[in-house]
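Engineer: Just dropping this structure here.
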Amino acid sequence: MPITANTLYRDSFNFLRNQLAAILLLALLTAFITVMLNQAFIPDTEQLSILSSTESDFASSGNLSITELVAQLTPEQQIILLKVSAAATFSALVGNVLLVGGMLTLISMVSQGRRVSALQAIGISVPILPRLLLLMFIGTLLIQLGITLFIVPGIIIAVALSLSPIIVSTEKMGVFAAMKTSVKLAFANVRLIIPAMMLWIAAKLILLYLVNHLTALPTPIASVVLSALSNLVSALLLVYLFRLYMLLRPTDITV
């Protein structure tokens, strides 16, 4: 029986509806961790004020590239910008690893008929978190590099590696072996993966648009809300990809 996107979408939404409480809690918890880590590692207000003093210069330099804008900063401002970027990247990476590990564990446990909470899912996922961390670090690096060179290569890399977290979690194989398997399966089933990835990207862009419309909320609360909504979108994509992989799962994989 052929695999259809409609069937996968229906299964994914059914799972989301049945496990909504656990998924919402997981999305909120990982969003809170992400925001708290970012607040802990971001430079202090005095340093940020030094960086924000250049905002008017950036606004008047609309035709310059990012590289040229950074080159115009003083060495002190460049160091502060690097700290801000590193804090945001690290906190987002940790939050995403916990979200992916917890979600994949939750999906796996529920598929086996076991009920688990969001906290239990994260706890059970601890053994696979180091491999997920390495995998997502490499994947993020490659995708960002592809987007920097040109947007299309970044999207292609994202599609190629989309199944690798599920493979690492379910097959307990190494990071690079999981990436290799993901590339083969993803390109062989690109018609089922690309539409879901495009919907995921579109949802993320809509959330970015909403950033400027949550000015009534304090910044930390707005950050948690937006991060939780973003995590919820990613959770739905993970359910879709997990279900797809279970239907495509090769029989010759050695665990």
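Sequential numbering from 1, following the chain as shown.
Here the Cβ of each residue, glycine as well, is placed from N, Cα and C on the backbone.
Pulled these from Swiss-Prot:
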{"type": "TRANSMEM", "residues": "22-42", "note": "transmembrane segment"}
{"type": "TRANSMEM", "residues": "90-110", "note": "transmembrane segment"}
{"type": "TRANSMEM", "residues": "118-138", "note": "transmembrane segment"}
{"type": "TRANSMEM", "residues": "141-161", "note": "transmembrane segment"}
{"type": "TRANSMEM", "residues": "192-212", "note": "transmembrane segment"}
{"type": "TRANSMEM", "residues": "221-241", "note": "transmembrane segment"}
Engineer: Using Cβ distances below 8 Å and needing 3 or more such pairs, separated by at least 6 in sequence, tell me whether the transmembrane segment (221-241) contacts the transmembrane segment (22-42).
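Structural biologist: They are in contact.
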Engineer: Excluding the flanking five residues on each side, which residues at least 6 beyond the ends of the transmembrane segment (22-42) place their CB within less than 8 Å of a CB in that stretch?
Structural biologist: 16, 48, 83-84, 86-88, 90-92, 94-96, 98-99, 102-103, 106, 116-119, 121-122, 220, 223-225, 227-232, 235
